[in-house]
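*Asks:* Right, I'll just put the structure down here and ask away after.
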Amino acid sequence: MQLLLIHSDYIEYETKKQTPVAEKIEESLKSCRLEEALTAFMAVESVDEANPEETIEKTVFEIEKVATQVKTDRIMLYPYAHLSSDLSSPKVAVKVFKGIETALSGKYEVKRAPFGWYKAFSISCKGHPLSELSRSIRPEGTQRAAGKVEAGKEKEEVVSEALKAEDTAKSYWRILTPDGELREIENFDLTPYPKLQQFVDYEISKSRAVERAPPHVELMRRLELADYEPGSDSGNMRYYPKGRLIKALLENYVLDVATDFGAMEVETPIMYDMNHPTLKKYLDRFPARQYSIESDKRQMFLRFAACFGQFLMNHDMTISYRNLPLRMIEMTRYSFRKEQRGELVGLRRLRAFTMPDMHSLCEDMDQAVDQFKKQYDLCIDVLENIGIHIKDYEVAIRFTKDFYESNKELIVNMARTVNKPVLVEMWDTRFFYFVLKFEFNFVDALAKASALSTVQIDVENAERYDISYVNADGKLERPTVLHCSPSGAIERCIYALLEKAAMETEEGKVPMLPVWLSPTQVRIVPISEKHVAFAEEVSQKLDCRVDIDDRDLSIGKKVREAGREWVPYVVVIGDKEIEDGTINVTIRAESEQKKPKKVQITPEELNDRIKGEIAGKPYRKLPLSKHLSGRPKFV
C-alpha cells in the first residue's frame, strides 16, 4: 500500500468516465465535496494480496494517527493508481478500500471516491508541516522481487521487533523553545528557522528514499576521498589515501576526547550468535536491520553497534560503586546495518560504517542524568572541534511522557544550551529500551537529515545482560546505562563537512575542510624548475603536511588545482622569494571566491600559524608522495 495524506481545506471530485474495472456506484457517489478533511490518496499493491486484512489494519492505523495530529474528523479515501507501478488486482483493491472505509466510519465522517473511474478533482492543501505526508505499508512475511510477491523464496530479512514498533509507535511531535515552551508544530512559526523546518518535514514524513545524489558524492570523488565499491555490497565504500587519512584523524580525535573524559578503550567481536538468549532479546529492542551469516551451523549476525560486546564484558566484570560512572569506548570498524537499498547514498547512509560507541554504567538515575548533561556538552564540543557548529545542525529530543514530567528542567536546558528551538518526539508508552535520547541532526543540501552525536538513557540492558555492581553495603545492584556516540558515525562527519562546504559555496564562500583535517595543509608551487630546490628548503621548515607541485604545468594551472583540492595554504616560489627569504602565501580561509587573500611572510611565521590552528588535534603524516609528479590518480 502506498499512501499520500493531504490535510486539505477542501477536496472535491466528479466522475467522468468509467474504466473496464470500474465498480458500480449510486448516482450520489458520482461527485462529492468534503471540507476541512484529511485526504488519503491510496494505491493497493500486489504485495498486499498476501494479507489484505493486515493492510487494512495498518492503513487505518496510519490514517487515524495523522487525523489525530491534524485534528480533523473528516476523511476522504481516494484511489490513486499513479502512486505505484505494481498494483494489486482490482478485486483486492476494492476489498481493501471498502475495508478501510468500514473501519474508519465509526469514528469519522468518511467519504470514498469510487474505484476504476476517471475523475476530475480539486484539492487545496493547507501547507503546514503535517499537511503532506507519505507512507509505504507492507504486510509482514512478504518479499518484493521483480515487482511480484514471492513467499518464502528468499532468505527472510532479519528485522527487529523494535524496528516494527518504530513504524507503528504513536508519538507526538512538538517544538521546544529555549524558554521552555512546548508548542504544537502547527502553532509554531518555523519561517525564521528554515533548516528546522526541513528537519521537521523529514522526520514526520519518514521518507528516506534517495531521489538524487547529494553534492558530497561528487566532492568525495573529486577530492579523491572515497568512492563506491562495485565489487562489494551496496553501502560498503572504498577509501583512498586522503579519505583514509581524514577518517583516521577523526577516529583518533574522538578516542582521545573519550579517553580524557574517562573512558577505557576496548575491542570486541564483530559477529554474535543470533540465538544467544540475552542477545536475541536485545536484537528485538534495537531498531535496526541486521546482516546474518551462518557459521558452524549457527546463525550469526554482524553487530550494528558495540553494545553487545561491551555489555557481555560488563557482565563478566567485578564492579564496585567506587568505579562508577564506569565508561568504555570502542571505535567499531565496522558496524553493519542492512539499510534499505533505496536509502543508500554516498557517505550519508551506509551498510558498513565506523562508529565511536561509548557506554557508561551509572549508580542510579540521578548519576545517569548528571552524566547525560555532561555528555550532551561533550558532544557539542566534539562537533565544534570537527568543524560542525551548533548553527549547522538541528537537535531532536525524544522521551517518554513520564520521564518528561519528572525531568522538565533537564530537557528544557538542552534547548537553552543550544539557544534555538528543537524538535521533540514524545511517546505515551515506552516502546524501546531508552527513556530519553537526543541526536544532533545535520540537514544537507537536499533537505535530508542525518543523525550525528547521540546520547541515550537505557533502563533495560543492565537487567537483560545481568550487569551489576557492589554498592556501599556490599550488595549487588543494577546500574543505569548510557549509550553515547560523541560524533556519530565517522563517515557521516565527513559527509556533513562536505555538504556544509557545498552549501557555503552556493552562498558565495570559499569551501574548505578544517586545517587539521586537510590532507595537504600547505602546497608549495615553484614557478619553474629552478625554484624547486628552494621549495624543498621551505618544506623542511614546516611541521605539517606539505607537498610540492613539481609537475611541468603552468603556474596558473597549478594554483587552480590547489584551489580545487581545497588546500588551506598555497605558497608560490619565484625569484623574489629566493632573494629575500619570504614566501607568497594564499590563505584560503580568508579568501573570497574571486578575491584570494595573499600575504608575504616568512616560512617560520607560516609554521607558527599552522601549529596554532592544529594545536590539540591528532596529526598524521602526508599519506602520498610529497611530490605531485610521483602520485597516481585514483579517480
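From the backbone N, Cα and C atoms, a Cβ is placed for every residue, glycine too.
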*Asks:* Quick check on the annotation: Swiss-Prot has Cys307, His359 binding Zn(2+), so which of His216, His483, His531 does it put in that site too?
*Replies:* His483
*Asks:* Work out, from DSSP, the number of helix, strand and coil residues along the region 'Editing domain' (1-144).
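*Replies:* Breakdown, helix to coil: 46 helix, 58 strand, 40 coil.
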*Asks:* Taking every protein chain in this structure into account, which of the binding-site residues His359, His483 has the most other Cβ atoms within 10 Å of its Cβ?
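*Replies:* Answer by Cβ density within 10 Å: His359.
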*Asks:* When you measure from the Cβ of Cys307 (Zn(2+) binding site), how many other Cβ atoms are you left with inside 10 Å?
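*Replies:* Looking across every protein chain shown, the total is 22.
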*Asks:* Compute the centroid of the Cβ atoms of Cys307, His359, His483, then list the same-chain residues not in that set whose Cβ lies within 8 Å of it, in sequence order, for the Zn(2+) site.
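*Replies:* Going along the sequence, the neighbours appear as Ala305, Ala306, Gln310, Phe311, Asp357, Met358, Gln456, Asp458, Asn461, Val481, Leu482, Cys484.
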